[in-house]
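A short write-up of the structure that comes next.
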Number of protein chains: 6
Amino acid sequence: MSRDLTHFNEQGRAHMVDVTDKQVSQRTATAYARILMEPQTLTRIREGKMAKGDVLGVAQVAGIMAAKKTSDIIPMCHPLPLTKIDIRFEEHPEVNALDIYGTAKVSGVTGVEMEALTAVSVAALTVYDMCKAIDKGMVITTVCLLEKTGGKSGDFVRGGGSI
Amino acid sequence: MSRDLTHFNEQGRAHMVDVTDKQVSQRTATAYARILMEPQTLTRIREGKMAKGDVLGVAQVAGIMAAKKTSDIIPMCHPLPLTKIDIRFEEHPEVNALDIYGTAKVSGVTGVEMEALTAVSVAALTVYDMCKAIDKGMVITTVCLLEKTGGKSGDFVRGGGSI
Amino acid sequence: MSRDLTHFNEQGRAHMVDVTDKQVSQRTATAYARILMEPQTLTRIREGKMAKGDVLGVAQVAGIMAAKKTSDIIPMCHPLPLTKIDIRFEEHPEVNALDIYGTAKVSGVTGVEMEALTAVSVAALTVYDMCKAIDKGMVITTVCLLEKTGGKSGDFVRGGGSI
Amino acid sequence: MSRDLTHFNEQGRAHMVDVTDKQVSQRTATAYARILMEPQTLTRIREGKMAKGDVLGVAQVAGIMAAKKTSDIIPMCHPLPLTKIDIRFEEHPEVNALDIYGTAKVSGVTGVEMEALTAVSVAALTVYDMCKAIDKGMVITTVCLLEKTGGKSGDFVRGGGSI
Amino acid sequence: MSRDLTHFNEQGRAHMVDVTDKQVSQRTATAYARILMEPQTLTRIREGKMAKGDVLGVAQVAGIMAAKKTSDIIPMCHPLPLTKIDIRFEEHPEVNALDIYGTAKVSGVTGVEMEALTAVSVAALTVYDMCKAIDKGMVITTVCLLEKTGGKSGDFVRGGGSI
Amino acid sequence: MSRDLTHFNEQGRAHMVDVTDKQVSQRTATAYARILMEPQTLTRIREGKMAKGDVLGVAQVAGIMAAKKTSDIIPMCHPLPLTKIDIRFEEHPEVNALDIYGTAKVSGVTGVEMEALTAVSVAALTVYDMCKAIDKGMVITTVCLLEKTGGKSGDFVRGGGSI
């Protein structure tokens, strides 16, 4: 049963799953996104961060605000009183990549995977928006869940080689 | 100058670029997203679509509604009176992939790349949300712009082998 | 063709209809809602209005704000730069009814029927919310379009006896 | 006192009622909406559902998303962490009617009547929007609360003949 | 530590502070705003309130609705299930001032200072909006926190002469 | 007439003024806000900006995003396709003040005063939020319109000594 598509009601239509009787527990989720870009774009972002224009600063505010909007963006997501959102960036110039990590936390009855995934997706889209004048070919090559803890379905950790 | 990071003001802070004097033209953009999943997940989605539960139906409404929220989600995006949004799905069971195409259109002073990209991103996240009970390892492996038309910077078409 | 369900794309999925090439014209729409309630509820609303508590004042602000959110609430509605919204109330104590009229106006490429209908629906729901402590049995007995003008499909006026 | 219009403060102005000291209990509410339409419109909706275009699928997503926005739409509603929303449709071709039932649930300090009512209202408006190209005369003839459970004011069940 | 700028993560970037382990307590906050205007503007507002047009009624609904949107407006604010919002007005014709008091309350893990401050700010901006046709020179001369209770950092009461 | 409170309809209730027939012109508005704080708070903000934590960067994103939400926050404001928003900060350590300037621009039928005022208000509230852990006594001492251009009512420039 727990391996079923749980978002459909007895009419075969989507509904917001009943979580009224699920137990409150502390839940966390961490998601990951990678963006590939031209080398000079990554250089510009890095200089911007150190000097004046802060692409990553804007992207990070965007990701945090989007995480709070998750239940307004993803139709079957429950509204949740998020207690933490954090976004970190890692530059990998050797592969022309910018990596984004987002962690969400809540003490509640459902998990926060979608909040973490929404945070990194919107942060990545914001990076694209702010750099598209110089690099329209940027590609978001990965958006995935890295790990989650808490809840009845147990913890999840992505296998080492699987990103 | 047009190849500069245009989202920063003279204090080096982000701002919403002045487009007051840009000319109104018809603009389109098409974006693409791919999700990889376990074979049985894709099968379930397909059956759902034909029978009762319609994951893609929900994902597509989510993508359309998100496209209309783009300027509320992406900090430096201009509000735009979108005149069209369309989302299409393609199943590629041979590679365990679901492909999403999103097209946005406007008659306005700025492009709709971000609207198309937001549409496919949110559609993909919604697919993840609705299937995560059976497949937490799903990965969004590509989000990118396929093409745009209209505007001073000219048309853009992604090179054939570059997705 | 214009008598077809226009919200579906060639995959049979809903999309936001392409209105890029439709002509800008001045469009208006007026919608109507009726709420039936216990006589003393209507009396209380009236006294409130004259004395202190203003149920209708709150309902009317709610309706106006909701009209502006229409494209965020109704999935396939186009975003529109509304140029006017007005809501009027009529009390009909002889039938224990409160009537609500909402008029929306725009100079644009699509009609404003949904904006007017959303305005009166939300105004009616707000009246319910503010009075439900004394009258949970209130019923919204009619929500409909009274008339529209502008646009290619021509004007519409509801027949006299048809509400 | 509990039979008073509770949304007004001592200045006679509306406020959001203080529920800080109310007890958390499990609360449910079910609301109902009926739409009358031309026979062929109902037929089209039914065919759409079975074949390709799914008016009800879109309406149902719209209703669920609107329920989550209730406190943003209805001015004096408290924000609530909804734990369930479900929407069901019933076709009554014998009276040219489409009936909509919406159930909301929460474990909280205030009831979810407005969430259920908002869900069915927006689902009904969405049906109107998606069919208005072929039937502008559709009328929403009933929006009302069917029942609620939980909370200090006790349960409510609408009398049999009263819809 | 508690006197540190707590909104920054170890990368020096803003994040939403982790409050998962903070204790739930009852928290209140009261904020204040003053608007200076031409004498005749204040007179018009007062007459409006008594007679027909109710500037303060609209401003107060705006303030309440904005308080509920606080976590959507202020980037690092946690979403909170507000249990009370109240706004009061005081006219001070002797100094051509309109004073606004806003009180917010929650049983939660973070304070509601921002909710109270957002409420009075938006109420004041709404007064400006509704009167700007006759008095563009209006100035909001004070927005500040008057007092807060609850939470680990203890109570705060603004010193007598310090507004 | 143009000196009248234009937001009220013939029932004395607020409505969104009809601007359908007003002429499109280019409109700008600049607003101003000042925040007073303890000297060490201002120092911390400055150091943060140069080193790592960027209070002003977050405040500025918040102000820009809020400007785009103006018609969702201020009840009688028309939705507008803003073409520019810019926010600048000036530190005045000699008076322990941080000054915020916000400029909005549109080519449309109504002015953008409220967009500029909302931008600086929300930027100021965000500064408060991000520094309140160390300085709850911060006061926003001024929010006002500095100038506007465009539109039938003509230009407005605040008199030299009047802030």
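All positions are counted from 1 along the displayed chain.
Each Cβ is built from the backbone N, Cα and C atoms, and glycine gets one as well.
Curation plays no part in TrEMBL annotations; they are all automatic predictions.
Feature annotation from TrEMBL assigns active site to B:D129. According to DSSP, B:D129 (active site) sits within a helical segment.
Under DSSP, B:C77 (substrate binding site) is assigned to coil, being neither helix nor strand in the three-state scheme. Taken from TrEMBL, the feature substrate binding site covers B:M76, B:C77, B:H78, B:M114, B:E115.
Residues or ranges marked as domain 'Molybdopterin cofactor biosynthesis C (MoaC)' in TrEMBL: B:16-151.
Candidate binding-site residues: B:M76, B:H78, B:M114. Nearest to B:D129 (active site) by Cα distance: B:M114.
Across the domain 'Molybdopterin cofactor biosynthesis C (MoaC)' (B:16-151), mean pLDDT in this model comes to 93. For the domain 'Molybdopterin cofactor biosynthesis C (MoaC)' (B:16-151), the number of residues in each DSSP class (helix H, G, I; strand E, B; coil) is 52 helix, 45 strand, 39 coil. Highest Cβ count within 10 Å among the recorded positions B:E115, B:D129: B:E115. Residues B:M76, B:C77, B:H78, B:M114, B:E115 are the ones the record ties to substrate, and the longest Cα gap between any two of them is 13 Å. Using a Cβ-Cβ cut-off of under 8 Å to chain A, the recorded positions B:M76, B:H78, B:M114, B:E115, B:D129 reduce to B:M76, B:M114, B:D129. Candidate recorded positions B:M76, B:H78, B:E115, B:D129 yield B:M76, B:H78 as lying near chain F, with Cβ-Cβ distance under 8 angstroms.
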